[in-house]
Amino acid sequence: MQRNSNQSVTVEKETPLEVDPGYLTVTDLNPVDEESYNENLEAHLQSLARDGVQALYASLFTLPTRPSPDGPLAQLPPPKTQLPRAKPLPKPKPQTKWEAFAAAKGIQHKVRDRREWDEEKQDWVNRWGRNGKNKQIEEQWITEVPLNADADYDPRKVARDARKERVAKNEKKHAQNVTRAAAAANPRDARKTDIEKTLATTRISTASMGKFDKKLDGEKKIRGVKRKFDPTEKSVSDEAKASVALLSRLESDAKKTRREPQAEESVLNTRKAVRFASKGRGGLALGREAAGGRSSRGGRGRGGKR
């Protein structure tokens, strides 16, 4: 595009151009000149581009600058144009049980330093990780052994197992807190997850592991579930253990199902029996009939004796 020295550096239009130096963009809201557009499209577009760039340059020269090896650089202000997001805003994470308690009590989270002072070494050491303070018992050269310890007691292994157990316990509690917070934030999803777990459990409770069961609409296919068969040949000790475990389980189940019959429970339905014997007349009529029969028989007996 050839430069026209007669054109002014000030761009004047009916509707002023909207310049956003933060994004280095210029928006022209003026209607398109149909005559110049149809006469020479290339020249019309060059004119619009020239006006936009000129307005952008004019706004950049009004901004504060800072020195640099390549010359002065303009400090761009924050953008003013609100652009739409490609994806929705991330949902805020639900508070865990401890976070809710800390917010209610006004407890502020403090980040612990990675290093701490060791009085014995007179130096700063790591709290965890390589050469961490939490591995002090594992790495010390002498350790007291309890009197009732086994012959193969290894204090370093015991300390290492205890440390790993604490880490696993903390991770488990953290996972439970996150799950509980998510369930409290969205109970519908938690209920859906429980139903899916229950459905999956019922599917694998059959002999075919749910292979021939009727599928529900929209039910997901259960993957990674296979039926496990015990080996056909076992050692005598393994068979004995399996038999003892089966008998103990049967005995425990029998104890659960066995209970003393209560007073209100009975094998005979008394009301139905009375209705059948009295032919629907009721228990009183049946009692009168039985009493009258006994009295008449008794009277005949007493009269015979006289």
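Just so it is clear, glycine is given a Cβ too, placed from its N, Cα and C backbone atoms.
Unlike curated records, TrEMBL annotations are generated automatically.
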Annotated region 'Disordered' segment (source TrEMBL; candidates 1-24, 25-48, 193-216): 1-24
Tertiary contacts of the region 'Disordered' (166-191) (same chain, 6+ residues out, Cβ under 8 Å): 93-99
